[in-house]
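What Swiss-Prot says about this one:
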- 27-47: transmembrane segment (TRANSMEM)
- 97-117: transmembrane segment (TRANSMEM)
- 128-148: transmembrane segment (TRANSMEM)
- 176-196: transmembrane segment (TRANSMEM)
- 204-224: transmembrane segment (TRANSMEM)
- 266-286: transmembrane segment (TRANSMEM)
- 308-328: transmembrane segment (TRANSMEM)
- 347-367: transmembrane segment (TRANSMEM)
Amino acid sequence: MEYGLDLEYSFNEFLKGFGLSSEIAHIIWLPLPMLLVLVAAVVGVLVTVWLERKISAAAQQRIGPEYAGALGVLQPIADGLKLLVKEDIIPAKADGILFTAGPILVLVPVILSWLIVPFGQNLLISNVGIGIFLWIALSSIQPIGLLMSGYASNNKYSLLGGLRAAAQSISYEIPLALSVLAIVLMTNSLSTIDIVNQQSGAGILSWNIWRQPVGFIVFWICALAECERLPFDLPEAEEELVAGYQTEYAGMKFALFYLGSYINLILSALLVSILYLGGWGFPVPVELIAKFLNLPINAPFLQVFTASIGIVMTVLKAYLLVFIAILLRWTTPRVRIDQLLDLGWKFLLPISLANLLITAGLKLAFPQFFGG
């Protein structure tokens, strides 16, 4: 059974109340999804940057930012304004077109991937039936932008960083996709909505993390590598490559890389929440909540309540994972490039492939637990 609100339907019905036709209401709705995505992504980045600076300060027994607003909450905005007013420099011997296109090609696919993220039942920007396939396809574009940025800079450190970034992204893209395929196999759907609904039967006990513990670990490791977070930040290792493919960038072009990295981290955490932790699902079944409140399951108040708390649950699970990623960055050493590639090709790839085959076998043997 479906609970919650349909964002597009509710908006169109609201406009119809003012006498507008269905066609005009739909036209007004069309540009809003991308605007909502941009606002959600930017706000998420501001919160995550502030959290990272505060958590890293606590890990190193420092205070962290505290002067830009209360507890330094305005520090990310100050950083953004600083980068906005800095001079935009293109090196004399760089390829200007590729140099400019690189950061855009890195950022745009990550933002578009947010279109398939559901924050609640029917509360998503675009209900694409092949949402998982779309996300995997969009994420495969990013290595092209990274390699393009490194090559166009005409700098040896940038080129090495770009090559490392492309190799790392390709190496971890395959086990990541295989771990997601195991979820798709159990759900019989590529829709993120269907994947969450499949985990809503018995509260926390029906979450995919219990049926796919290996897939969960593989996905999270690969997601951190895709986001180039420590211990997988080889493409921009300061001690070796200055700043990797970002070395020659300044101002807003550098900010686009910075923005893309954090948006990708939040997106990865949201996808882990959706695929393995029940998404907007409660730890207890909604039927028990309705019984406790003595309300029918389709009561309007209960629908609004579950939709609102569902958003909080999705974001809370995602930021718990972001917190873990930040702690890992400031408490683990960087691996070598050969160790990085060995982990991806010699360990995670065979493990994710074996996990997919075992899931297929378990689905045939126990269809009631692993999808029919």
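Cβ atoms here come from the backbone N, Cα and C positions, even for glycine.
Listed by sequence, the residues of this chain that lie at least six past the ends of the transmembrane segment (97-117) yet keep a Cβ under 8 A from its Cβ atoms are 33-34, 37-38, 40-41, 90-91, 124-126, 128, 131-132, 134-135, 138-139, 141-142, 144-146, 148-149, 151-153, 192, 245, 248-249, 253-254, 256-257, 259-260, 263-264, 267, 270-271, 274. Through the fold, the transmembrane segment (27-47) approaches residues 8, 11-12, 15, 20, 76-77, 111, 114-115, 125-126, 259, 262-263, 266, 319 of its own chain, all at least 6 residues removed from its boundaries and within a Cβ separation under 8 Å.
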